[in-house]
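What Swiss-Prot records for this protein:
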BINDING   Cys146, Cys149, Cys159, Cys162  Zn(2+) binding site
BINDING   Lys336  ATP binding site
DOMAIN    575-677  domain 'tRNA-binding'
MOTIF     15-25  motif ''HIGH' region'
MOTIF     333-337  motif ''KMSKS' region'
Amino acid sequence: MTQVAKKILVTCALPYANGSIHLGHMLEHIQADVWVRYQRMRGHEVNFICADDAHGTPIMLKAQQLGITPEQMIGEMSQEHQTDFAGFNISYDNYHSTHSDENRELSELIYTRLKENGFIKNRTISQLYDPEKGMFLPDRFVKGTCPKCKSADQYGDNCEVCGATYSPTELIEPKSVVSGATPVMRDSEHFFFDLPSFSEMLQAWTRSGALQEQVANKMQEWFESGLQQWDISRDAPYFGFEIPNAPGKYFYVWLDAPIGYMGSFKNLCDKRGDTTSFEEYWKKDSDAELYHFIGKDIVYFHSLFWPAMLEGSHFRKPTNLFVHGYVTVNGAKMSKSRGTFIKASTWLKHFDADSLRYYYTAKLSSRIDDIDLNLEDFVQRVNADIVNKVVNLASRNAGFINKRFDGVLAAELADPQLYKTFTDAAVVIGEAWESREFGKAIREIMALADVANRYVDEQAPWVVAKQEGRDADLQAICSMGINLFRVLMTYLKPVLPTLSERVEAFLNSELNWDAIEQPLLGHKVNTFKALYNRIDMKQVEALVEASKEEVKAAAAPVTGPLADFPIQETITFDDFAKVDLRVALIENAEFVEGSDKLLRLTLDLGGEKRNVFSGIRSAYPDPQALIGRQTVMVANLAPRKMRFGVSEGMVMAAGPGGKDIFLLSPDDGAKPGQQVK
């Protein structure tokens, strides 16, 4: 059963260092950890790394609001993140930060190689500048009066009243969102990565058959829309790395973020005193395998920019991207008001890590499907599978072995053919773990657990124990049950690390994939102790209530949003009543050719279709992720003819702009076409 050992480097997407880890994050880290633990069990050389994504304007501004330095903020956040991941037994070999010497050196190296190879272009662009803060202002850090319809308090890229798009320089009486000052125009030289030069290479990589079908199909849509040059620079002040020989210019966060994978691995190699592995893993002709586990919202960056950057700087490309969907709770988006926006640390105060690891694993597949954490089903499944089927198998047999036979198992198997059925399943279960068909693996294992429990039911050791002269039969039956339990727990070891440690202590033997062919015969086990406790809905209720209380505590008066976006002048009810807000279903979402800001949305109002252009592309780089969501739109705006077509309304969104735009969604039960009052 031993395989040829492979060298594998596995990463998870880097959590942004301005917020806590929640159950949505944990899906990816659990998925990757289960896969990594399986690879290690099969004897492969696996390096599992991650880091905090620690750069960008949001980090800089939040640190200012907190009255601390960005370095202090990201340092505290890193400790919190690492504590959360350790609590869930995520077995990282290294957890680093993009704000590191290794990442700076590698970012500069890759940039220099791209520049030397002709893939960096310089272009002067005009931007608004905040004279008080001394900073250039992104489009959504400027507000003013719309030059088209004269509506006040509109962003610098498009009007949310009439739907017009424009440049920030066209705003009437523009104001800086950061300081309230009147901005001035300044030219600035920016640096662009020539992504279109890599179109053929990327298309060949897409057609290689390695990528998930859904990812390959989405990439094909992007190719058909045409790849654009990518602005990789930002002007000071900016928290990040300064571009070599370009004072006051900084690498955009999405340039150095994926390089953080390399930086974390370099840091690990340096800690080990390993001077060869970094080159072996990252050189262009490396025979090591490189896998990125990511969410579907960042496919654009990882499938286009990242492999192109690596190709242009003579490093190897990823072997594959393993993309997953989002997490919903009880069939809906995680909600702070309902207490279902649950932080990782809050979960661990009410449940153990293995319970969530098992539930997520049972629902995961290799497809990019959303996973629903139904809290009632969670309780039922954990109790039914882990407690009733698996742990109960051990408890039903261990007592007899401990009390009647001093913990010593029988010298022979009671049913060798049944045992072979269990060990033969290693092929199917192993293939399921390998291909990330986790749900299939769990189904196969639980089917075996049912067989094992039926065996015990039929043999009835509690009856045999009362019959004189049948001690050998009793020992054989219970030893068989414990050996079947051992095989099941070996298959489950990648999923349930804490339970596995307890089981290994009881069995007095390590759970090793390649050792299951040899049962434990004449082997002494330790005294059986309770391995896992049942859970109940009272714990769920306490968890939800605790999450609500955390939201209330965090909702104490703050100055940030209200200071940045003061409440506007009072309007009459009659003024408000003129605005017809409706629930709309997003039937389709796509890029707008010729615009780097707009998405074209096809909205269903419950029988009537609308075409709407919305300036939300910066926050939703994968429009496909919006399809099927409900949102709120202004339905009675006069249609406006734009360069790209006619816009028939406006969708509602919150946030300061850039990556921080959040499309509004109605609560559960709302239907397309219903009026929002």
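Cβ atoms here come from the backbone N, Cα and C positions, even for glycine.
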Look at each of the binding-site residues, Cys146, Cys149, Cys159, and point out the one with the fewest other Cβ atoms around it within 10 Å. Cys149
Across the motif ''HIGH' region' (15-25), average pLDDT on the 0 to 100 scale: 96
Neighbour count, 10 Å Cβ-Cβ cut-off, for Lys336 (ATP binding site): what number do you get? 15
Which residue counts does DSSP give the motif ''HIGH' region' (15-25) for helix, strand and coil? 3 helix, 2 strand, 6 coil
Across the motif ''KMSKS' region' (333-337), DSSP yields 0 helix, 1 strand, 4 coil
Provide, as an integer number of angstrom, the distance between the C-alpha atoms of Cys159 (Zn(2+) binding site) and Lys336 (ATP binding site). 29
Cα of Cys149 (Zn(2+) binding site) to Cα of Lys336 (ATP binding site): how many Å, rounded? 36
Using DSSP, how many residues in the domain 'tRNA-binding' (575-677) fall into helix, strand and coil? 7 helix, 47 strand, 49 coil
Spacing of the two Cα atoms, Cys146 (Zn(2+) binding site) and Lys336 (ATP binding site), in whole angstrom, works out to 34
